[in-house]
Amino acid sequence: MDGMDGRKLFLLIIVLVIYLSLGSVMFRMLEGEAETQRQRSLDSFLKTFLSNHTCVSIEALRGVLSKATEDSVLVEFALQNTTHNQIDRWQFSGAFAFAVSVVTTIGYGNMAPYTLAGKAATVAYALIGIPVTLILLNALGEKLAALFAKINKLNLCSKSTPSINKTVNMVLIVLFGVCLMFVAPGFIFTLVEEWNFLETLYFCFITLSTIGFGDYIIATHKNSSGNDAYTVIGYVWVLFGLAYLSLVIKYITDVLMKKANKVVNQRHFKRVEGELTQLQSLVENGIKDKLIKSGLTQKRGSHDKVVTISASKLPDIAIGNTAYGVECTHL
């Protein structure tokens, strides 16, 4: 992205705006009707509830729902708690998960500081933790890149067919990363969190890309809640997965940039070729006569005076970002 000129930057902004607009249309088509149906279902449920419980006013119900939406996890625990125990989400594993979500900027939203001191500490903690984490992820990415480079040099098929070897090696690299960072953790999450496999893959990508919607979070199910080892290992996996997915995204970005530069260079070459063709045509079709009529040459006997035409006397021929003057001798 270094050295990107204004035209390329403007074109990139236009492409991104178009892409975002297409995304908004797509997600509206996929999710709009589903949300309308959920809203109708909720309206029907509330009306039925109020009709069956006439002693409850709308204001009282609104107050209960408002309180319940402050923290759904605490509400769920309070409703299911029959032993009057208290949930401790800020034990080591829970606090560790929160710390990872801060320094990686995932920010699930299921846990947030409540006290002013906690909010101030989070800001200070993030200012130091985010740069350190980025350095760590960059170092891990370099190690993974070196490992993938070694795999890419393998000759598993034949030395006489390097293109086939390169394709096979690339497949191995992709399978290695997908199995290690998505399939294996997804299988564990399917068993522990009771998600289906598509949900686990969705969670892995949303987490490792730091999108972090918070609709799926590990160590919140009854099977895994309170298991410190499971929680810590899961969030350590997040760190390694971030490095891998960052490497993949960087590779995709580099490919897109190379293709874009190739298209721009091809257009630039065609424009330069056309300008050179026009210049050659001018020379072949009597540029000398045009120069004489313009008073830029003087005849001396049967021979023309040798004249050097500076760029200030003849319009520059712009090729890319370089202007070329024309020097004519022995006209």
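Heads up, the Cβ atoms here are built off N, Cα and C, so glycines get one too.
Per TrEMBL, the feature transmembrane segment maps to 9-30 (among others).
Marked as domain 'Potassium channel' by TrEMBL: 84-144 (among others). Model confidence over the domain 'Potassium channel' (84-144) is summarised by a mean pLDDT of 89.
Under 8 Å from some Cβ of the transmembrane segment (90-108) lie the Cβ atoms of residues 122, 125-126, 129-130, 132-133, 207, 210-214, 217, 219, 226-228, 231-232, 234-235, 238-239, 242, all in the same chain and six or more residues away from its ends. Here TrEMBL flags 90-108 (among others) as transmembrane segment.
Within its own chain, the transmembrane segment (120-140) is flanked in space by residues 99, 102-105, 113, 239-240, 242-243, 246, which lie at least six positions past its ends and keep a Cβ under 8 Å from the stretch. Per TrEMBL, the feature transmembrane segment maps to 120-140 (among others).
Residues annotated as transmembrane segment in TrEMBL: 168-189 (among others).
With DSSP states grouped into helix (H, G, I), strand (E, B) and coil, the domain 'Potassium channel' (179-257) comes out at 56 helix, 0 strand, 23 coil. For 179-257 (among others), the entry in TrEMBL reads domain 'Potassium channel'.
Residues or ranges marked as transmembrane segment in TrEMBL: 201-220 (among others).
Feature annotation from TrEMBL assigns transmembrane segment to 232-252 (among others).
Here the transmembrane segment (168-189) sits against the transmembrane segment (232-252); at least 3 CB pairs are under 8 Å, leaving out pairs fewer than 6 apart in sequence.
Among residues of the same chain six or more beyond the transmembrane segment (232-252), those with a C-beta under 8 A of the stretch's C-beta atoms are 93, 96-97, 100, 104, 106, 133, 136-137, 140-141, 144-145, 148, 177, 180-181, 185, 204-205, 207-210, 218-219.
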